[in-house]
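*Asks:* Dumping the structure here so I can ask a few things about it.
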Amino acid sequence: MVRGIIRIASLASVSLSSSGFFLYGTGYWDPSDFGVVRIGRAVLTTAAITWDYFTKLRHVEAGTEEYENIKSQVHLRSAHRLLDLCCFNRGTFIKVGQHLAALEYLVPPEYTKTLSVLHSQAPCTPFTDVVQVIREDLGKEISEVFEEFEKTPLGAASLAQVHRAVLQDGRKVAVKVQHPKVQAQSSRDILIMEVLLHVVKKIFPQFEFMWLIEEAKKNLPLELDFQNEGRNAEKMSSIVSSFSFLRIPRIYWELSTKRVLVMEYMEGGQVNDREYMKRNQIDVNKVSHALGKLYSEMIFVHGFVHCDPHPGNVLVRQNPENCAPEIILLDHGLYQVLTESFRLDYCSLWQALIAADKERIRIYSQRLGAGELYPLFACMLTARSWESVNRGIYENTVSKEEIHEIRSNAATYLPEISQLLASVPRQMLLLLKTNDLLRGIETSLGTHSSSSAFFYMSRCCVRALARHRKEKADSLWSYIHISLSETFCLGQLQMYEIALRLQSCIGRWINHVLLWLYLQ
């Protein structure tokens with residue numbers, strides 16, 4: 001057990017160190033700009049965490065109250081060490097820390113709570129550097145562009161920070177300014193990461209992490225181009241314009257460059273802030289349902305997916321006109337465009353998962369690169385045990401025992417998970433990350449995927465597959481037949497959902513009657 005914990009802690013730290021390739025340096029002297037300092041800090045952190053687990057737990061009997069108390073204390077100390085490492089090395093270390101903080105169904109709470117500050121409270125760039133970036137990119141002083149400009153940022157992330165400002169005409173805006181030391185270091189950092197990954201492979205031969213650098217090479221230039229982010233925001237706004245609950249800030253192109261993005265200012269609370277929702281009378285179930293609906297549409301119908309929905313990028317507020325919850329989607333730098341063949345196979349796989357069709361789960365998992373590890377792949381996609389997948393994930397809710405089982409088994413299957421990540425299409429990697437972040441939000445809200453979410457997901461899959469078949473139809477009769485089949489399937493789903501709701505209502509009514517009779 002101790003070895004397993006040490007292994008997990010070591011891998012967490014090593015993964016952070018091997019992911020640390022967004023380093024800062026443009027001529028400003030900063031100790032954290034030097035690779036040897038960053039690597040040394042990561043190695044020391046890994047060693048300290050490993051030694052802490054080993055020395056504190058090896059002489060304590062596993063499963064006892066004393067063991068659990070000591071383990072919790074070590075978790076907390078280790079989490080603070082990881083937080084310090086993220087803040088010192090910045091860049092992707094912060095990105096990885098944000099991701100860990102969202103994995104509340106998998107990572108111990110001591111880690112998620114400690115690292116959650118990275119969602120919006122990452123280390124900030126000094127205001128003088130912010131002024132310099134705006135001066136260089138816009139060719140003007142801040143006072144020439146803005147009537148007001150708050151020196152303290154609203155939030156800071158791995159690549160940039162956001163300030164509230166007011167334009168000369170009185171419009172309130174949010175100004176996203178890239179950290180000045182990101183661009184110049186990126187190429188050298190990727191090289192450093194390659195070296196670190198080879199070292200990791202020497203230590204853990206069974207693990208394959210080279211997909212990390214492949215994704216970095218592809219995504220880093222896109223995330224560093226804020227004009228690309230602006231285009232993504234406008235495209236997403238157009239694609240899901242029918243969703244009245246979604247708000248995406250307007251981009252002010254005349255004031256935006258590759259390093260500066262000026263957009264409409266929108267207020268809201270973070271999507272995982274239950275206290276904020278309680279104060280503002282926002283229904284957490286409606287928020288969770290809307291978020292699931294939005295991402296089902298993105299993934300299955302359009303194949304254009306916002307892949308960084310950590311809580312700092314998803315805000316909620318109440319519509320003052322109808323009191324309905326609204327979702328504000330921020331940070332559109334990281335998107336995954338799914339190929340048609342991948343998207344259709346993914347649709348078919350989720351239909352099989354929802355229907356608990358084991359044979360089709362095997363077929364479509366293997367088509368997506370899972371091979372004989374398809375049961376593990378299904379568990380990773382659903383965050384459910386294989387037993388629950390076989391029973392039907394929409395028919396049985398996740399229990400505390402199942403969550404504990406998943407957490408306990410995660411370490412056991414780390415080599416297989418690594419093998420799986422190395423074999424699936426690159427498109428799948430960001431989808432898995434997105435799924436993890438969304439489930440982390442669900443866990444924070446206490447709203448694990450409901451049957452209604454699965455019904456909407458099923459409808460999206462039916463629509464997507466039918467649209468593809470209609471595009472390939474070679475006759476009018478074939479087109480009509482596909483359309484009728486689509487309508488019939490959607491009608492079946494609607495009737496089944498209504499039946500389940502009625503069953504639920506009747507069950508609650510019977511419970512109330514029985515309780516009333518008991519109290520008489």
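Backbone N, Cα and C atoms are what each Cβ position is placed from, and that goes for glycine too.
Pulled the feature table from Swiss-Prot, pasting it below:
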ACT_SITE  D308  active site, proton acceptor
BINDING   L154, G155, A156, A157, S158, L159, A160, Q161, V162, K176  ATP binding site
DOMAIN    148-455  domain 'Protein kinase'
*Asks:* Pairwise over L154, G155, A156, A157, S158, L159, A160, Q161, V162, K176, annotated as binding ATP, what's the top Cα to Cα distance to the nearest Å?
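*Replies:* The ATP-binding residues span at most 14 Å between Cα atoms.
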*Asks:* So which one is it: of the binding-site residues A160, V162, which has the fewest other Cβ atoms within 10 Å?
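*Replies:* Lowest Cβ count within 10 Å among the binding-site residues (A160, V162) is V162.
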*Asks:* What whole-number Å value do you get for the CA-CA distance of D308 (active site, proton acceptor) and A160 (ATP binding site)?
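*Replies:* Pair distance, Cα basis, whole Å: 14 Å.
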*Asks:* To test your reading of the ATP site: which residues beyond L154, G155, A156, A157, S158, L159, A160, Q161, V162, K176, same chain only, put their Cβ within 8 Å of the Cβ centroid of those residues?
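*Replies:* Here the nearby residues are A122, P153, V177.
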*Asks:* Rank the recorded positions L154, S158, D308 by how many other Cβ atoms lie within 10 Å of each Cβ and give me the one with the fewest.
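*Replies:* Output over recorded positions L154, S158, D308: least Cβ neighbours within 10 Å is L154.
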*Asks:* Helix, strand or coil for L154 (ATP binding site)? Use DSSP.
*Replies:* coil
